[in-house]
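According to TrEMBL, the protein carries these features:
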TRANSMEM  67-86  transmembrane segment
TRANSMEM  118-135  transmembrane segment
TRANSMEM  155-173  transmembrane segment
TRANSMEM  185-202  transmembrane segment
TRANSMEM  214-237  transmembrane segment
TRANSMEM  249-270  transmembrane segment
TRANSMEM  276-295  transmembrane segment
Amino acid sequence: MTATAIATLASYLGSAFSYIAGPNLVPDIDYGNLTAYHAGHSVDIDKLRNITTPEQKEFLLTRINDYLFIEAVLVGILFFVVLIYFPAKPPSPPSLSSAAGRLDFVSGAKTLLKNRSFWWLLIIFSISNGVNWGWSSVQDLIFSGVGIDQKTAGWLGFWANVASLLAISFSWYADRIQSFTKPILIFLFLSTACAQTVLSLACEEVIPLTKAAFFAAGVSQVVLFSGTVPLIMELAAECAYPVAEGITSGVMILSVYGINFVFFVAFMFPQANPRWMNWLLVSSTVVCIPLIAFYTERYKRLDVDESKQS
């Protein structure tokens, strides 16, 4: 589980830099006396489009194209490096079960369709990650409703993603206590829901929105939630064995993007207040608590390893 956590959460470093690169490469436009938009009481896409001058649109288009070009160059370099050298497998199998054969793609896909335990985890993963990833992609718009500019929101995203590497410790702990993943997940989801609730209440001005509270709750909820990602993926790989881990993780990641779509569709409607997304975030975490509590753990790979060792 620790290896999965390192591979999964290390990618958050790239996300961290995107939070500060975006606002600096594509900065906010000065709308002068139109403080209603800056106050963020609502996001009216039609009004925003009408008050944006051709010069401002050209400026934004140029900056966005520059940003996408830089991304394309970086991805191209990484792709080229992978083509040159990417080992098919490690020098030696990390475990006995990993040395065993896996089902081919078609057989594995058919097996997953019949695996109820996998579908249960897929629902938990797609709901929690789909909403969380969608929320994080528009958090600057959400926080603009409470007077937080996009650069401050960007620094929250940066430090939260850097700090998420601390979540590797939860997987390390799960490795040390075999078959104890579910209680750890329940704790992480409960803690995440508490941090998200504090952040949402602060945005609603139920509790004071101080800078300390903003960063403490914002960073905590990302770190705690990040700990759930590799653990759920490992549980899915355990219950789906001998289906290849690449198939199970691929299906789980693809399911997340369908939920992401909701966040982008929401901004197509005029006068959409983005603060409802905070409570959707809390709800998506809370609903996963009973779902993971009722999940019956199945450690097929672990059983194989222990049986061969004995």
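Just so you know, glycine gets a Cβ as well, placed from its N, Cα and C.
Ranking 67-86, 118-135, 155-173, 214-237, 276-295 by CB pairs under 8 A with the transmembrane segment (185-202) puts 214-237 at the top. Residues 1-2, 4-6, 9-10, 12-13, 15-20, 136, 139, 143, 184, 188, 214-215, 218-219, 221-224, 226-227, 229-231, 234 of the same chain lie 6 or more positions beyond the ends of the transmembrane segment (155-173) yet place their CB under 8 Å from a CB of it.
In this chain, the transmembrane segment (67-86) does not touch the transmembrane segment (118-135); fewer than three CB pairs sit within less than 8 A of each other, excluding pairs fewer than 6 residues apart.
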